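So the structure is just underneath, and the comments pick up after that.
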Amino acid sequence: MGTTASQLRKDLLSEYQVVMHVFFRAHKRFSELLSKEDRNVPTPRVPMEKVLSLPELKSNPFRKRICHVFSTSDMKDGSLTFEDFLDLLSAFSDSATLEIKSHYAFRIFDFDDDGTLDGGDLEKLVNCLTGETDDTRLTTEEMRQLISNILEESDIDKDGTVNLSEFQHVISRSPDFVRSVQI
Amino acid sequence: MAHSVNFDLTADHMEAGLESPADEEGVHDSFNQLIEDQRQEALELQELQRDLDEEERDSVAYLSSPGQEIWRGSPGRGEEEGGGQLDPLLEERWSSATLKVLSSMPSRTIGRSRGAIISQYYNRTMKLRRRRQSRPSIKDFSRSARPSIRGYGMETDCMETEGVDEEGRKRDQLVNNLQNLSLSDRVRMLRAMPLSVAEKSELRRLADRKGRRSNHSQIPCCSQLKYHIIIALRHSWYSCLSFLHSLQLWQVALKRVSGRFGTGVLSYFLFVKTLLFFNIFLFLVTGLLLAVPQAVHPPTLTQGHEAFSGLELLTGGGYFSDSVMYYGYYSNSTLSKDCRVTSSSMEQQPSPSVSRRTMETDCGVKPSYNMPLAYFFTIGLAFFITCIILVYSMSKSFGQSFRIDKSHGILAMKVFCSWDFKVIKKTSVKLRSENICIQLRELLEETSRKHVQKTACQRIGRVLVHVLAWFICIGSTVACVLALYYFSEYMHKDLQYRSRIPTKDPLLKEASLLALPVVVSLINLLLPGIFNATAWMEEYDSPSVNTYIAISRNLMLKVSVLVVLCFHWLGRIASDPHSIGLQCWESFVGQELYRFLLMDFIFTILDTFFGEFLWRLFSQRVLKRKRKPVFDISRNVLELIYGQTLAWLGVLFTPLLPAVQIIKLLLLFYMKQTSVMMNCQSPRKPYRASQMSTIFITLLCCPSFLGAAVCVSYTMWSIRPSESCGPFRSLSTMFQSGKLWVKELETHNPNLAWLAWAHSYIVENPLFLFLAAGIFLIVIYFNTQVVDGQRKIISLLQEQIENEGEDKKFLITRLQAIHQQKRPLSPRRLTSQASQDSNC
């Protein structure tokens with residue numbers, strides 16, 4: 001792993017939008033997640049289960065989606081290389097712009113990866129928000145009403161889905177978004 | 001949605017038999033005809049299918065792909081006028097070609113595909129380039145380029161593009177644009193791009209490399225130097241930041257708090273941190289410029305030093321009263337090294353300037369330090385810089401939280417923005433999910449409830465309850481303030497009495513000085529409880545209104561208390577200090593402020609212990625409630641603001657008061673953090689942290705800092721300083737020292753006469769202030785007009801987007817109808833036709 005670190009040059013730090021101190025901390029944490037035999041591989045990948053064991057992601061209802069969004073693996077299994085991990089930290093850092101955060105948040109909420117948030121995506125999103133237990137889930141009638149209200153408020157071109165621009169438009173009205181999408 | 005849909009009409013034209021697309025009327029007519037034909041055929045086909053179909057038909061309003069649940073039960077959504085209905089018999093409602101077209105629409109791919117992101121940013125950088133570049137003259141370019149793009153170097157753009165694929169071409173164009181932007185623009189663009197880090201670094205490398213290659217030859221050396229300086233500055237800035245981060249002031253603690261409670265409670269602790277930095281700045285300024293020089297040259301004391309007894313820490317008097325902490329210690333002359341410091345009696349030195357000149361003749365050229373001037377300018381400078389920092393942070397915070405369009409998209413906003421990724425503890429996550437569920441249900445209920453017309457009786461009842469609540473609040477405030485007024489008068493008389501009679505018990509006298517601070521702190525503690533109790537019986541339309549009302553009542557109380565106290569100090573004590581036997585009223589007022597600050601801290605400790613710790617035990621054991629008490633953020637922040645106002649009021653009289661405030665804030669942070677983790681839970685009601693932060697920093701600036709500044713200015717401008725102590729002892733007002741210095745400058749150096757002129761005509765002339773205020777008002781008016789205009793534009797654009805959406809729906813259903821129509825002919829021809837159609 002030491003070779004990978006030295007390969008990433010110092011001038012890349014400004015892209016990563018994290019400071020060097022945080023960079024090395026991230027590096028340490030990433031190498032902790034690797035199993036012993038993977039350490040000598042040139043670009044090691046951490047499987048999704050290991051990533052999900054991080055304390056920041058352990059209880060997050062969107063943890064699997066986060067892994068899938070940032071993963072660059074061809075098998076779509078949610079595994080992360082160190083660069084993916086840094087992408088993740090960078091997108092969730094406090095110096096990432098609103099645009100980057102809203103872009104990634106959109107991709108996280110897009111459960112079926114079709115580029116828009118349609119009714120099914122919104123339903124899954126609300127279920128993630130309200131939790132797993134039965135008494136916190138909304139009834140079907142409430143869900144239906146909620147989703148139709150959401151679409152009415154945010155779907156400007158009235159095509160039944162919320163695309164990225166409409167999502168960003170809703171987000172821009174909430175000043176707390178940048179602060180809450182941070183790890 | 002960077003691209004508008006390209007209408008490729010050539011196929012249609014050929015079908016319709018037109019010669020030239022430039023003939024617009026012909027185009028329109030033929031297109032209409034085509035639509036008519038299609039509609040006829042589609043209608044015929046639909047009739048055929050309707051006969052076969054007996055299932056429920058869906059409306060076309062939703063163009064989602066049929067693989068997912070089709071959204072039924074959306075009443076009220078009218079079917080579009082195009083009339084194309086879906087064919088429920090087919091297994092796939094949309095043909096594969098339509099699906100392909102749908103999935104590759106720009107609005108859907110922008111979120112996923114790299115090529116789309118690159119072309120979007122290509123357009124943005126192009127716009128930025130156009131804005132930034134000034135137009136060069138036409139002569140410099142060859143004639144072949146189109147006039148409109150001649151000025152922008154677009155020719156070279158076209159020639160440089162290599163690469164066969166579309167994405168590669170776009171990427172090269174993007175790199176070209178980036179290299180033509182200025183360095184800061186380039187960095188900003190790259191930062192905002194939502195690409196992966198490896199791609200961004202690649203782009204940056206290409207942009208830098210190309211830039212450097214061309215820059216070296218064309219741009220003169222000073223720009224190269226500028227480039228290198230900027231890179232060096234950036235590296236040093238990053239190393240500075242990493243050092244600061246490694247200091248980790250409270251980072252671990254803040255992360256723990258935010259992990260459990262979220263952004264709302266975190267904002268309180270961040271506010272403590274902000275106040276700490278303000279106080280550190282004040283302390284450094286006053287400490288370095290005032291306390292240190294004076295401590296190095298201690299004045300000769302007329303009376304002996306009092307012994308240190310423990311009561312000093314509470315009352316601030318005794319041992320501390322003749323120390324560098326208070327105003328009275330500072331000499332009114334110029335300090336100098338290795339010279340006898342001239343004594344400060346009035347007979348020898350009629351003005352400070354004379355003392356300075358004698359210093360120079362006595363000691364030769366040695367560094368001299370004019371204390372009164374230093375005192376005056378240090379306080380002025382500290383306040384001025386604090387004002388600038390406050391106004392800047394207030395405007396930045398306001399800019400982040402203000403939104404132009406006031407449309408009510410609460411539900412969507414709540415669903416998209418309410419998850420706080422900072423919360424990591426499992427129980428907190430569960431709690432938050434519960435909260436969100438409750439809030440969503442409440443909001444749904446609110447929006448679905450038809451506007452129930454309350455009966456006249458109910459409305460009058462509500463108004464009466466509100467009036468009663470306000471009456472109670474205002475009444476209790478007025479009662480307490482009057483009580484405070486009379487009590488302070490009583491204490492004043494008591495002091496006068498004690499000063500006349502020889503003191504039997506000096507300790508008792510000192511302790512009696514603590515009575516007023518205790519009463520004020522009690523008022524500050526108990527009255528907000530009464531306000532909360534009255535708020536229970538009222539009900540407001542929305543929880544945020546509740547919070548604002550609570551804040552305004554609390555604020556009203558604190559402002560009136562502070563006004564009475566200022567009157568007590570400046571109006572009673574300062575006007576007649578000898579009646580209470582004071583030589584030095586400023587030191588006394590400084591001590592009073594120290595006492596108030598300390599009492600406030602002690603009562604906060606007591607409140608945390610009783611209000612949070614014991615109350616939690618009580619509510620859990622005795623009342624058997626499951627939930628812990630809620631941490632009241634607004635009340636705690638207002639307490640902090642009150643304490644900071646006292647600190648600002650006291651800087652003039654007690655230059656080291658910021659140090660006391662720093663210690664207090666440090667202890668408060670750890671105490672509150674422990675208490676919150678042990679005893680409290682996050683508020684149930686939704687807390688809009690950034691709006692609240694804006695309000696708090698506005699409150700810090702406007703009543704708090706402004707009031708303190710007004711008070712201090714009034715003291716400096718009109719109150720006579722005491723004659724036997726302090727740096728301004730021989731002057732009629734503190735401000736006079738500045739005026740004398742300006743006059744002295746004038747006499748020494750006639751070139752600076754304009755300074756005196758400027759001072760008398762600008763600073764002291766009210767006309768200038770009126771003019772400045774008038775200009776500001778005009779600027780504000782223009783800005784509000786601009787905002788109104790923008791609101792109108794926003795609603796127009798929304799309408800336009802809706803129309804475009806209609807167009808899109810229309811086209812897709814048309815496309816689908818064409819496929820459907822061709823389908824019965826033959827499957828093979830259909831697939832070939834479909835693939836042909838999908839190409840255009």
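Quick reminder: no glycine exception, Cβ is built from N, Cα and C everywhere.
In TrEMBL, annotation is done automatically, which means it is predicted and not curated.
For B:49-86, the entry in TrEMBL reads region 'Disordered'.
Annotation comment: TrEMBL describes B:265-292 (among others) as transmembrane segment.
Positions annotated as transmembrane segment by TrEMBL: B:374-394 (among others).
Residues annotated as transmembrane segment in TrEMBL: B:463-487 (among others). Nonlocal intrachain contacts for the transmembrane segment (B:463-487), taken as residues 6+ away from its ends with a CB within less than 8 angstroms of a stretch CB, comprise 516, 519-520, 523, 527, 530-531, 534-535, 537-538, 553, 556-557, 560-561, 564-565, 568.
The feature transmembrane segment is assigned by TrEMBL to B:514-534 (among others).
Within its own chain, the transmembrane segment (B:555-574) is flanked in space by residues 474, 477, 480-481, 484-485, 488-489, 492, 520, 523-524, 527-528, 531, 580, 582, 585, 588-589, 592, 596, 638, 641-642, 645, 649, 699, 703, 707, 711, 714-715, 719, which lie at least six positions past its ends and keep a Cβ under 8 Å from the stretch. Per TrEMBL, transmembrane segment is recorded for B:555-574 (among others).
The feature domain 'TMC' is assigned by TrEMBL to B:584-690. Here the domain 'TMC' (B:584-690) has, by DSSP, the following mix of helix, strand and coil residues: 80 helix, 2 strand, 25 coil.
Sequence annotations record features per position, and here TrEMBL assigns transmembrane segment to B:594-615 (among others).
Residues annotated as transmembrane segment in TrEMBL: B:692-717 (among others). Sequence-distant contacts of the transmembrane segment (B:692-717) (same chain, at least 6 residues past either end, Cβ-Cβ under 8 Å): 264, 267, 270-271, 274, 376, 379, 383, 386-387, 390-391, 393-394, 397-398, 400-401, 547, 551, 555, 559, 562, 566, 570, 574, 633-634, 637-638, 641-642, 644-645, 648-649, 651-652, 733-735.
Annotation comment: TrEMBL describes B:767-784 (among others) as transmembrane segment.
For the transmembrane segment (B:374-394), the partner stretch with the most Cβ pairs below 8 Å, chosen from B:265-292, B:514-534, B:594-615, is B:265-292.
Residues 249-250, 253-254, 257-258, 324, 330, 374-375, 378-379, 381-382, 385-386, 389, 393, 422, 631, 633, 636-637, 640, 644, 647, 651, 655-656, 658-659, 661-662, 665-666, 668-669, 672-673, 676, 680, 682-683, 689, 692-693, 696-697 of the same chain, all 6+ positions outside the transmembrane segment (B:265-292), place their C-beta atoms under 8 angstroms from a C-beta of that stretch.
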